[in-house]
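The active site, nucleophile feature in TrEMBL is assigned to SER74. TrEMBL lists 10-314 with the feature domain 'Tryptophan synthase beta chain-like PALP'. Among the features that TrEMBL reports, N6-(pyridoxal phosphate)lysine is placed at LYS47.
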Amino acid sequence: MKLPEHIVLANVPTKIEKLERLSNSLGNINIYVKRDDQTGTEVSGNKVRKLEFSVKEALLNGCDTLVTCGGIQSNHARATAAVAAKLGMKAVLVLKCDKNPRLEGNYFLDKVLGAKVELITPEEYTANINGVMKNIKNELDSCGNKCYIIPEGASNGIGAFGYFKAMEEIKRQEYEMGISFDGIAMSVGSGGTYGGLFLANKLYNYGKRIIGINVSNNAEYFQNKIVNILNEAVNYINKEISYSIDEIEIIDGYVGKGYGLSSRHELDFINKIAKMEGVVLDPVYTGKAMLGLTKEINRGKLNNMKNILFIHTGGIFSLFPSANSFQL
């Protein structure tokens, strides 16, 4: 299938590893992890796969400035800043925070990479982030720049093809490993990773369960958002897919204190997995999602599955600002 054009940024294919001790502790279900935390360093995590398509579209349109948004410790914003620097482009990041942020983690890297950072309150962000980015684009365009707006997480129709392509990669790895994954699980924070995997799963008729654990908002919000992403994506490839919204499987109940906020239980779980498997999860996305996945398994909700692949979407730089919250 001919996909939209993309640039090459990610170190792929990323390896798939079995979490032996975690799997043994869960009984009859095998947990594997796809190490998309190893797609790169500055340009790392799941966002780089999506940016390969988004930034190519920007370049095809003759743009020289990338405008995007996220939280103060946004992995996506940091990856966008790194891509812009790599390609000789400018980056403007609109980040939400409710007080003067400490210069650490991803925010520190944003600055090191030369991005221009605009800080707004969470209330402003929720009310009008798209309007804020459009105003920035209009102002910069009037000064001779040509801006390309990338939505939060690069989660839109074009960005979703990063994980459409990743699903093709997973299928090749299944063949090489002699294994079939019954389900693919991941955190859901903006919907693009899920949308790309879901679209490929449908169009290629792979028959896998695509399971998302939301780390913000709620299941209904993300089901509707993913529908919009899918509607945008199919226009790029002139395809139609048939599905019901109930097939977009989002497991709610693991947001905890809220997006980017961690409980003692969540941090202890991250520490436990690190000691058990040598795999470091992050407190915003993968920690909550893996905790949710293991709880669902222990509750018998996924007993009809034998092999589950968990997408490690990265985020290690957002771990360091939480260091003082861990009990080590």
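A Cβ is built for glycine as well, from the same backbone N, Cα and C atoms used for every other residue.
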*asked:* Please report the Cα separation of the residue listed as 'N6-(pyridoxal phosphate)lysine' and the residue listed as 'active site, nucleophile' in Å, rounded to an integer.
replied: 10
_Fewest other Cβ within 10 angstroms of its own Cβ, chosen from the recorded positions LYS47, SER74_ = SER74
*Check the domain 'Tryptophan synthase beta chain-like PALP' (10-314) for me and report the mean pLDDT.*
98
*For the residue listed as 'N6-(pyridoxal phosphate)lysine', name the DSSP secondary structure in the helix/strand/coil scheme.*
helix
